[in-house]
């Protein structure tokens, strides 16, 4: 926890009064903490405070607080520069408040100043640099003072459980507590504690940072309870215009029984959705965004982003739908009094425009005004419903001719069954179902609710219950007192009543002629949409109810759409929409969203023909209902420990049934609209999946992915391996993944989507390994691999030396059957320059691989592999994570050039960062080398050209990133290792970058059997179904190499020979024991033929494969304990020198190819 050595954090600008007690002596600036000092020291604060009176101000600062806190006590306000230097650690300020204001520290027991925390409280300030910039979080930690140091009577800084430790944003007082980190409790006192940070998953997104900022300034914000916020809104939205002008027609068509069934079916769908909504809403704190927030936080940004956009749009268009419904009613009234302004369609447009402008004014005025308007509209609506029910009990003679006779059993019985006219059960259901929607009206303003977890379940479910009962009541009452057809004619002659069988006959009315008349009659359930107005005690109140129902639904939608859209934009899922995330005023009102919703609504009002758009809107709502239900099923299925809703009355299978029902209803209402909705959702889902927004909400999708991965991994472990399913699973000793790009790219080429790839990194040379750095690097480089679309895992380990670390990885890397079976190394180009014990280690790693039954692969480029001594101007990862359009790479040289051995060996965290290059990977550019010269920075920050060898090294390191063109992959399959030498080039040439390369196979043979050997190999390859362009049989492998090549080899190994014949036996043995890599004369003579073969093979390679894109060759084996590491290294050196990229491969001699089906 490094901190500026003589500075302190600047005090809050808005609290100058705090400076009085932050600085006991403003004129003196005490020294800052050193790196070795912890933020906590278990000093007895009370004892120090008691001794304050006898000390000078400077010693007060040093004795009153732990040593790491000294810097904060004396910081005077005159030091503005201190705020610029952001400290990594947390600086403590002990609030020993002086009641007199004189500035001298008081005891903790002294009376706190008004508005401050009590004397036990310690304030600290941390600057957390999020993606939105450095925002300050203030933490009031109560466990540094003496009282809290004596938890349970013991001196400890260990904190007791506290809700404020678990908050993501601000606590009720606008503050957040951070518990002591594990390192602060566990590390030695002189050891640097870890940096502060949130636990995994608690990191704040930009949206949550903004929410934290809003929470800190929450005075005067209007928050609603469950009645005003949810119940009222849901009831108003569910009781639409359908209640007054279509319910009676539905009863006429379907009859009382089927009408009740229709209402019950719709209520079942909405109830299940309500239960699912309640479960999600009670599984943690709910912020603004309603349906979008619930779905996105449950199923992830892909589903949330797609449904959020169409849900917001559906609400915006629903405003137009409801306003047009209102305007049509007004125009009908105007028609009845002959007061049409222009013509019917234009009048609807004019009235609709005026209405939506007024509604926008109410919404923009603030949520409080909107809520008051809703309460008034609900009062009107309930009055209209009561007015209707009262009217049904008051039979009026004048209404009988229109079919209303009051409650009567015969009428009820006659209307019990269906009487479909040009309709079916499902078409009637499709007309009714939109009347049952609107259950999310309360959830959509979740950000404006005082307690969403209580309000959403209670308000939504009660609204569904009340509205369902009213719908059933209206269905039964209309069917029990009104006949289906009525002529409106009062005079009825008695002769017609003789053959009359209808229920109206006993009241002296015969309406049987209505069925025979071509146009039918004007009155009755079938014909008159205004039946409820006619039945009611006072007709105009029903008209007012219709106005209320349409306007309240329009107002709810006008508020919901911008709120949902604002939440969507805040999460930055669609980058172009960020401007709509801005909120205004204390309630964070989305004014820009209101304007956008207004414009969309106005456009559709001007169309004025909503019969086509209405089914699409219903389907948009149903799609969101289906996903809410599916969210609960998915979360329950994933079995994540984080899924703990406090609302218990849900069931995962019921929720799944609800999701299926919603999908069925979508197709019942309108099949083409359902298809259109699904296509839109799918398109948006694919778009968001492709864009991969940088958010992590702990969705059930992640939980289920984990669950499935775990299940499948365990299942795999129970199945024996089969040759047909062999996959190359490579442990690649890359060091930092970007330090050997060629090695990473080549192995990735044949493992991508085929097998496992683990980037192993052994970190050595640490007296005290910093495991926090290891964990940080692990997550950082894993991100880097993902960013570069490399399908691999990064696994670093600390070890005493390279061999031990590799043994750790060979034994422990992987999981179950997902374990490596091939060790991949870079060739040690500098083996002759350094300590030969490194070569001994390198060879031992190969032997260890064979001991563990691994295959071994070594890649050699003549330019080398390791580019870690070249690093960019920017931080290694930030430069990598910039846009892939960057073509020029500005690089600099670090004098400590590392070898091409498997792992970088940084001596500290600082050098480990420097040892990683910033090589820009650009897949889309096919890896073309940059045209401009690469640059380096010297110590004076002047850019100078890179030297030639490093220029070549960089170009060579990128050669496997580009398309290989029409070349060859030469396979020198000299020894049968189970087929791995052949399988790797086959997998390579299947990939896009290598598909134009042909495989040429070279085998050893005898001169007199060349044709036979070629035919035998061709037969074998065809049985393996591996395409090849040519087979060459080398009959001259055993020819003696050229003398100059033999002498060059002998000259190369000269420094490494033991020469035991020239010294005493005892001295020779002593030297061999201390330097086991030395080559004995006996060994050299014993393996003379093998040595000559390596030299001869190099000659043949230069002759046949000098232009190949890649050479894949059998790796020569050396018997463990018999061949010294220097001789083996010399064989590899002489075999592979001055050649194109060469891959030396040796499988574990288990078959990896088969020709059986």
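Placement of Cβ uses the backbone N, Cα and C atoms for every residue, glycine included.
Record note: among 348-367, 488-507, 508-527, 348-367 is the stretch given as transmembrane segment by TrEMBL. Which of 197-218, 373-394, 395-416, 549-570 counts as transmembrane segment depends on TrEMBL, and there it is 373-394. The stretch that TrEMBL tags with transmembrane segment, taken from the ranges 306-327, 680-701, 702-723, is 306-327. From the options 137-166, 167-196, 257-286, the stretch TrEMBL describes as transmembrane segment is 257-286.
Listed ranges 594-614, 741-761, 762-782; the one TrEMBL annotates as transmembrane segment is 594-614.
455-474 is the stretch from 306-327, 373-394, 455-474, 594-614, 649-667 with the greatest number of Cβ pairs below 8 Å to the transmembrane segment (226-245). Here the transmembrane segment (373-394) has long-range neighbours at 228, 232-233, 235-236, 239, 243-244, 362, 406-407, 470, 473-474, 477, 481, 532, 535-538, 541-542, 544-549, 551-552, 555-556, meaning same-chain residues at least 6 beyond its ends whose C-beta is under 8 angstroms from one of its own. The stretch from 306-327, 348-367, 455-474 that makes the most Cβ contacts under 8 Å with the transmembrane segment (257-286) is 455-474.
Summed and averaged per residue, pLDDT over the domain 'SLC12A transporter C-terminal' (740-1157) gives 78. Away from its own ends, the transmembrane segment (425-443) comes close to residues 229-231, 233-234, 236-240, 242-243, 246-247, 250, 253-254, 258, 262-263, 265-267, 269-270, 273-274, 277, 281, 290-291, 294, 418, 449, 452, 455-456, 459-460, 463-464, 467, 471, 553, 556, 560, 614-615, 617-618, 621-622, 624-625, 665, 668-670 of its chain (Cβ-Cβ under 8 Å, at least six residues beyond either end).
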